[in-house]
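Enquirer: Here it is: the structure, laid out below.
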Amino acid sequence: MTKYVFVTGGVVSSLGKGIAAASLAAILESRGLKVTLLKLDPYINVDPGTMSPFQHGEVFVTEDGAETDLDLGHYERFISTKMRKANNFTTGQIYESVIRKERRGDYLGKTVQVIPHITNEIQAFIERGAASATCGEPDVAIVEIGGTVGDIESLPFLEAARQMSLRLGRNSACFVHLTLVPYIATAGELKTKPTQHSVQKLREIGISPHVLLCRADRRIPDDESKKISLFSNVPEDAVISVWDVDSIYKIPQMLHDQGLDRIICEELKLSPKDADLSMWSELVEKLENPKHEVTIGMVGKYVDLTESYKSLIEALRHASLHTSTKVNIEYIDSEEIETNGVDSLKHLDAVLVPGGFGRRGTEGKIAAIRYAREAKVPYLGICLGMQLAVIEFARDVVGLKQANSTEFDPDTPERVVALITEWYDREGKVETRTEDSDLGGTMRLGSQRCPIKPGTLAEEIYGKDVNERHRHRYEVNNRFVPQLESGGLIISARTPSEDLPEMMELPRSMHPWFVGVQFHPEFTSTPRDGHPLFKSFVEAALANKEARAGVQA
């Protein structure tokens, strides 16, 4: 029988509930337990797919094609269990499901209310999500409840968690509450009052936390922990300090050293083997002792909010671990390139253009791609970054001066990138879309396997085939591929069913390392294994740096 750990947050948002939940899951998995995680989001949107990156940050795509919260990316990076659509749900999905049932008459004429109908539906979604775990029936399901205690939006989720813990009985569920202990510089001390009030608010709802994770910019002294324990009615050893560190991969060891996994296992009456966190220790050791260093420029329009590129940033960090190379990422606003030119790129060892939507900033990205191609600087284009690389090549090499995407110019006569109208999903089902389709849930989503052209750089990196996740509406137009290939561009991977271009590259006679991919490889990178594409990219950046240093010498 699956047991549940509910993770809640108090005082303020963005304290790191997702990292804390993922770190706990990693420790429990290291003890031989099968673990899954769920994220409950209180917003009314059905999913984050149509939300602005400035509002929500990255949208993480699961293997089965769900657009989910970025915390699911942390979950997959910290444990071996893969996430699915059922691992993330929102208030919007809950209400949509309940209203559909009411319209069908499932409630037999009853008045449909938040309690019990909404709370029952939340519990059903939680249990369904746990049951769908890719690891089989999990021993523990960790349920992260988004938002902050006291928010109106979170109340139904907290009430559902309270009811569920009561229904399951003792030793079947426990609560971990993450809260802020701020340091007041003028007073020169940490303040515990916000934590006391947060726990009090939680207890008013009927939930008494078993563990407190106290976030601060420093380790919390024993005296303060005792005070928190006294006023919060939580045992002193269950008041756990979570201080700022320079790498999230240090968190599992930090929590284990303070006994979090022991407390959870005792509360849930679990008797697993001892934790083995040697993998995490080795990762941290590699992270802190690199042998090389490179600087990669990430050219985009969301560079002021790095949460928009969370998985991509982590994938580069994973590559740094597996190449013993410190990767410095410089975020470059593509609109500034449009105004000031490409001088800001000339010191870089490699250039990366990530995915994105909309016309704004695209000409700056194209200018960056042109610079990388002409200066022989390693280039990686992801999703939109591949499409723009094709547009730049079509304009500047093939001579199609009006080459563009119909996303940016619907009337362009040279539509080298255009809307996909029909494709197969990962299960072989035909999906269709038109210009008038809803934005939400109408992209090509999820993982798909496709063969790689022999003798290409793509084959060196991936082998015979590639299986990656997608999130896009537009695709390189096959009508222009013969002209692109006549100019030297190589389509190195295509979908087996629709023959859609998945990867492009330039031959080594034209460029040492120039690759574009229509998919999102960052979603499958983990600290354990890294990712072959990002490892190859970092190695190319290092080779470019060493070659330039040799020329200058």
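Glycine is no exception: its Cβ is also placed from the backbone N, Cα and C atoms.
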Enquirer: Since Swiss-Prot lists Ser13, Lys191, Thr192, Lys193, Pro194, Thr195, Gln196 for UTP, which candidate among Lys39, Lys226, Lys227 does it give for that site as well?
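Expert: Swiss-Prot names Lys227 for this UTP site.
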Enquirer: With Ser14, Leu15, Gly16, Lys17, Gly18, Ile19 listed by Swiss-Prot as ATP-binding, which of these, Asp47, Asp64, Asp69, Asp71, is given for the same site?
Expert: Asp71
Enquirer: Which of these, Arg469, Arg471, Arg473, does Swiss-Prot list as part of the L-glutamine site with Gly356, Leu384, Gly385, Met386, Gln387, Glu407?
Expert: Arg473
Enquirer: Determine, using Cα-Cα distances only, which of these binding-site residues is closest to Asp71 (ATP binding site): Glu144, Ile152, Gly356, Met386, Gln387.
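Expert: For Asp71 (ATP binding site), the spatially nearest of the binding-site residues is Glu144.
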Enquirer: Using a 10 Å cut-off on Cβ-Cβ distances across all protein chains shown, tell me which of the binding-site residues (Leu15, Ile19, Ile152, Leu384, Met386) has the largest neighbour count.
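Expert: Output for this query is Met386.
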Enquirer: Under a three-state reduction of DSSP output, how is Glu144 (Mg(2+) binding site) classified: helix, strand, or coil?
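Expert: In the DSSP reduction, Glu144 (Mg(2+) binding site) maps to strand.
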Enquirer: For the recorded ATP site formed by Ser14, Leu15, Gly16, Lys17, Gly18, Ile19, Asp71, name the remaining residues of the chain with Cβ within 8 Å of the site's Cβ center, in chain order.
Expert: Gly9, Ala20, Ala21, His74, Glu144, Leu178
Enquirer: Please report the Cα separation of Lys193 (CTP binding site) and Lys17 (ATP binding site) in Å, rounded to an integer.
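Expert: Per the Cα atoms, Lys193 (CTP binding site) and Lys17 (ATP binding site) stand 20 Å apart.
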Enquirer: Closest of the recorded positions to Glu522 (active site), Cα to Cα, picking from Ser14, Ile19, Lys191, Cys383?
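Expert: That would be Cys383, nearest by Cα distance.
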Enquirer: Quick check: with Gly356, Leu384, Gly385, Met386, Gln387, Glu407, Arg473 left out, which same-chain residues have Cβ atoms within 8 Å of the centroid of the L-glutamine site Cβ atoms?
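Expert: Surrounding the site, in chain order, are Gly355, Phe357, Cys383, Leu388, Ser405, Val417, His472, Tyr474.
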Enquirer: Among Gly18, Glu144, Lys227, His520, these being the recorded positions, pick the one whose CA is nearest to that of Gln196 (UTP binding site).
Expert: Lys227
